[in-house]
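What TrEMBL says about this protein:
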| type | residues | note |
| --- | --- | --- |
| ACT_SITE | 224 | active site, charge relay system |
| ACT_SITE | 319 | active site, charge relay system |
| ACT_SITE | 353 | active site, charge relay system |
| DOMAIN | 196-403 | domain 'BAAT/Acyl-CoA thioester hydrolase C-terminal' |
């Protein structure tokens, strides 16, 4: 009797943002089996996915080639078992924010749906690459984590602004040769009165002073509420050379922005009466924000036309958090009216709000800490996953182009 095996190629150990090829061998010719994936997030919530496959004449299944017949997804989707991981309870986001702990996924193959395990393998998906340094930073108003690639440098520097603290994107970018400071917009329970741009300017200066950072300015990557902070840094703070804005607002969303103890932008408010309930128990908050282009709200718009750095605007057209595409279109129109060409934009028709580094579980809905209710994030799962793969390489290419380090210009810093 043949030994049944489940193999992960090129290796069972890889980085979080690398695909694996799942292969099963040793089955009977044309045998119908169920493949399962299982993982537990940092909060102890278990996520599962499953898909039915039929072996070929040689008793083999290759997820790069073969189509799922039923289950969590249908069709050929090599990373479908990861993308479709889902908790048993509704409105759960897969928390994987600590860089030192890998994303562990157990793959198994079973006889039909409820059958016993025929073979299994564990995929260790690391967030931090060999030689990357992780250093917690608590300096002045900065509470973040700094990731530095191995080697002498100089390296381009990126400030990664998360709504809350997450090390995932920052560590994965450091693996690609960037010095990255992961910094949350809100620490603990947010003080819902104002945002201070000075805190983020401090982080920009901190990065510029790192000994291995090349002499040009820093990049900023941001999403959601962090995105309007990134725009404001580009508009008001010198040394911000490149900004990636993902599914954000073009105005100072929800909170006024202060700089040097003076209000520079008023808050674009939202109306909870415009929140739409759905049968799932999650809400659509897309239409709750006030109109940023109305005369009374124009003082909340970030004056990006003042910025000299480069912008990459990224909008998901199926974003249910807010109308990111409309905000992006408004910004592109405004920059064009001012004769500016320092931007590029990309939109993803069927992607939702939560665009992250690729190959993590798709989040349909989860608890929104700011609004205090579960919300729908939008997106068609398969198209959303494809957008994440495309965007991840686009981000790296954008930063490499606009944060070029000239080795001869490295500052000597004592």
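Each Cβ is built from the backbone N, Cα and C atoms, and glycine gets one as well.
Around residue 319 (active site, charge relay system), the same-chain residues at least 6 positions away in sequence with a Cβ under 8 Å from its Cβ are 247, 286, 325, 351, 352, 353, 377, 378, 379.
Model confidence over the domain 'BAAT/Acyl-CoA thioester hydrolase C-terminal' (196-403) stands at 96, taken as the mean pLDDT rounded to a whole number. Take the CB of residue 353 (active site, charge relay system) and look out to 10 A: across all protein chains shown you find 24 other CB atoms.
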